[in-house]
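Q: The structure that follows is given in the form of structure tokens.
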Amino acid sequence: MPLFDLISPKAFVKLVASEKVHRIVPVDATWYLPSWKLDNKVDFLTKPRIPNSIFFDIDAISDKKSPYPHMFPTKKVFDDAMSNLGVQKDDILVVYDRVGNFSSPRCAWTLGVMGHPKVYLLNNFNQYREFKYPLDSSKVAAFSPYPKSHYESSESFQDKEIVDYEEMFQLVKSGELAKKFNAFDARSLGRFEGTEPEPRSDIPSGHIPGTQPLPYGSLLDPETKTYPEAGEAIHATLEKALKDFHCTLDPSKPTICSCGTGVSGVIIKTALELAGVPNVRLYDGSWTEWVLKSGPEWIAENRD
């Protein structure tokens, strides 16, 4: 299971009304692809948001020393950011984004990996607005309505959750990735096969040898962008996606998910875990790091 729980808009509203012990903090984790020409920070400050939300910037809350975008943050970066946002360890965090379930799974996963005790993923903000639940339409000047706190994460599950480049390269070079792992790529089929361009012009399309295409949209409702919440529904959705993209999944093998820069990979990681697939990790650097580090001889096109 994921390190966080799904919560429907209806259940979230009920939780806000009934919770008397812990503070409930909505977390806007909106992030847009650069090609969309949108500004997530401006949207948070000026557009309707769930009341009392904070803004979690996945670009800023990342490894500052890495040349790759929004790599997993160090403990200091994470703790400083949470402190500046006024988050307390006993807060119940409910994460959402304005696209649907796009960048919010990455944020919820990050919070879970860093050991925050209670994290929910709202399934999702589109539905929350559709049901006309409370929104704050006022313009704000800060990314948090709360005073600064002293947040200190006490544990991390990085070893169980993250694959780094060195491990990934050795698995590919030895041939073990294809033989001993399920490895899925969340990008579009065209990007995977090398027939569509990447969002960054300096990055060629293609895929890591030994991976299979599992586009993230195939695991979400095509209209609402929600995860199926019933167990049978998520299994049926996963089975259909695997069949549509001619993928194989052996639950006895460990699984690695990747994407372009480590965002949408968490979408499929979450779906797999909701379906009961154990031992699922994320290759954090994903395709961007792979291309820039490994060289052209390790770029595959079409199907392996």
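Don't overthink the numbers, they just go from 1 along the chain as shown.
Glycine too: its Cβ is placed from the backbone N, Cα and C atoms.
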Q: Look through Ser258, Ser264, Ser286 and state which residue has the annotation phosphoserine in Swiss-Prot.
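A: Candidates were Ser258, Ser264, Ser286; Swiss-Prot attaches phosphoserine to Ser264.
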Q: Inside 10 Å of the Cβ of Ser264 (phosphoserine), count up the other Cβ atoms and send me the figure.
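A: Looking across every protein chain shown, the total is 26.
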Q: For the C-alpha pair, I'd like the distance in angstrom between Cys259 (active site, cysteine persulfide intermediate) and Ser201 (phosphoserine), rounded off.
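A: Counting only the Cα atoms, the answer is 16 Å.
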Q: Tell me the Cα distance separating Ser201 (phosphoserine) from Ser264 (phosphoserine), rounded to the nearest angstrom.
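A: Given the Cα positions, Ser264 (phosphoserine) is 19 Å from Ser201 (phosphoserine).
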